Amino acid sequence: MITVVWFRHDLRVQDQPLLHKAAELGAPVLPLYVLPEHWTQPGPEGMDRLGPAKAAFLQESLADLETSLSSLGLPLVMVVACPRTFLIRWHESTPMQVVTAEADAPEEEDVIQALRSEGVVVSEVASRTLLSSSSLPWPDRFPSTFSRFRKQVEREGGPAVMRPPGTPAELTPAEVPALTNERPSVQALLTARRGRWQRVPEDYFSLPGGETAARQWLDQYLFEDRFIAHYKHTRNQLIGTGYSSRLSAALAWGCLSVRHVWHAILEYEQAFGADQHSYWLRFELLWREFFHWSLREHGAHVFRYAGLGLFAKAPASPPTHQPALWSAWCEARTGLPFIDANLKELMATGYLSNRGRQNLASFLIHDLGLDWRLGARWFEHHLVDHDVASNWGNWAYIAGVGHDAQGGRRFSPTRQWWRHDPEGRYLRYWLPALRDLSREQCLALHFAAGADARPDDYPVPIVALPDADREVT
Ligand SMILES: Cc1cc2nc3c(=O)[nH]c(=O)nc-3n(C[C@H](O)[C@H](O)[C@H](O)COP(=O)(O)OP(=O)(O)OC[C@H]3O[C@@H](n4cnc5c(N)ncnc54)[C@H](O)[C@@H]3O)c2cc1C
C-alpha cells in the first residue's frame, strides 16, 4: 500500500497539512498532480479553463513544487488525465490510499465520492480555508450575507486561526508505478497553452508562480516595503505596485496557505502595531473565506443563472445572446475607453484590480444585458488567480443572484472612471491610441460624441449609457 498525496490547489511544501497527514499514515508516499483534461476542452462559447497567463503561472508553480519535493527526496508525478478515471485505474494495479484537500467545488466532491465508491480510502484534509469544518462558528444555517458571516466569525475576538504546521521531517518515497497515459505531458501541454504569452512590459507587477516567489513577495509586501501600511487607502487603485497585496494567485493555487498569510499579518501587527490597514487586509481575507464556505453550502447552485435563490426572485431564463456585443467585449473594443482599458489589462496580464473586476462585471450584466455566467467563464479562462468560489461568488453577487440582499449592483462606468482614474493615467497606459487625448476628449468618446477627436480605429460605443451617467464631478 502506498499513500498518494494528490495535489490540486495546494502547490506548496511548507505548511502543508497533506504531507503531515501522509507522514502520520506511515506508508511510502507518492506526490501526484493531475491536470484535468477537461480544463482544455472548450465550452459552448469556445472558452476553456486554461488561458495563457494562467497556464504560465501553473507551469511555474508546478516546477517550483517539483524542486521543493525533490529536496525532501520525493518525486512529483504529473499527468494530464481525467482525475477520476486515472486514479481508479491506478488503484486497480497499485493498491493505494489518497490524501487530498477537502473538496471545495462540486466537481471535486464528485471525484472524491467516486473514488470512495471504488473502495479507495481518501483522507480529506483542511488546507484552503482559515476555519475548519469541525469548528464552524455559525449554529446550523450558513449566514445569508457577508456582514452576518463576519459578525459570527469575529465574535469573541475570532477567528481563531490554527497555526500552520512546518515541513514534515521524514517521508519515505514510494516507487513510481508504471503509467499508461497517452496524453501529452503536463509540461508540454502547459508550454503549448502558454504559447507566446509572456509578461508584457506594461505589466508593471508580475509575480511568477510557485511557493518560493510567493513567500518572498509576502515578506517584501509586509516587512520590507511595508505596502500594507496604506492598504485601506490604496486598495481601490487601478495601477502601480503595492496598492493591494497581489496575493490572490498564490492563494488560489495554494502556493501560500491563507492561514500562513493570516499569521504573517498578525506578526506584522505585533511588530509595527495593528491599524485599520492591517485589519482591512484580514477583512478581505474574510471575503474569500465567506465565498469558500458559501460554495460548500450551496454547491452547484452558484452556476445557475438564477443563482442561490436567497433573496429576490431572479428570472429563470437567461437573456438572448448578443454575439456582436460579446465579440466587442472579447476584443476589448466596446468603445468605452475605461472598460476597454480594463479588458486589455486582464487579457494581457491575467490580473485585474478588484475595482476593475467590479466594473467589468457590472458593465456586462447591467449595461450590455448579457448572461452573467458568460463573464464568469471568461474570467475563469483568463485570471491567473481564478478561484471557483471567489469568481463565481462575486459575479453572482453583482448580478443580484448571490449573497447581496440589495439585489445586485450597477457601477456607473463614467463615475467609476472619473473617481478612480482622476488623471486618466490608467486609461492612457492601456490604450496608447488615446494617449494624446485629454481626459475630457476621452469622456466625449465614452458618450459617443467627439467624433473629431476619435482616432481612426477606435470604435464607437456599443451601448448608450443612461443619461444619469452624464453627471460626473
Ligand atoms: C467579478 C469578480 C471576480 C473575482 N474573481 C476572483 C477570483 O477568481 N479569484 C480571486 O482570488 N479573487 C477574485 N475576485 C476578488 C478580488 O477582486 C481579488 O481577490 C483581488 O482583486 C486580488 O488582488 P489582491 O490579491 O491584490 O487583493 P487584496 O485587495 O490585496 O486582497 C487580499 C486577498 O483577499 C481576498 N479578496 C479580496 N477581495 C476579495 C473578494 N471580493 N472576494 C473574495 N476574496 C477577496 C483575495 O484572496 C486577495 O488576494 C473577484 C472579484 C470580482 C468583483
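Glycine is treated like the rest: Cβ placed from N, Cα and C.
Binding site for FAD per TrEMBL: SER244, SER245, ARG246, LEU247, SER248, ASP385, HIS386, ASP387, plus TYR231 from the candidate set TYR231, TYR268. According to DSSP, the domain 'Photolyase/cryptochrome alpha/beta' (1-130) comprises 56 helix, 30 strand, 44 coil.
Within 10 Å of the C-beta of SER245 (FAD binding site) we count 21 further C-beta atoms, all protein chains included. Considering only the binding-site residues TYR231, LEU247, ASP385, the Cβ with the fewest other Cβ atoms within 10 Å is that of ASP385.
Among the residues the record lists as binding FAD, namely TYR231, SER244, SER245, ARG246, LEU247, SER248, ASP385, HIS386, ASP387, the two farthest apart have Cα atoms separated by 22 Å.
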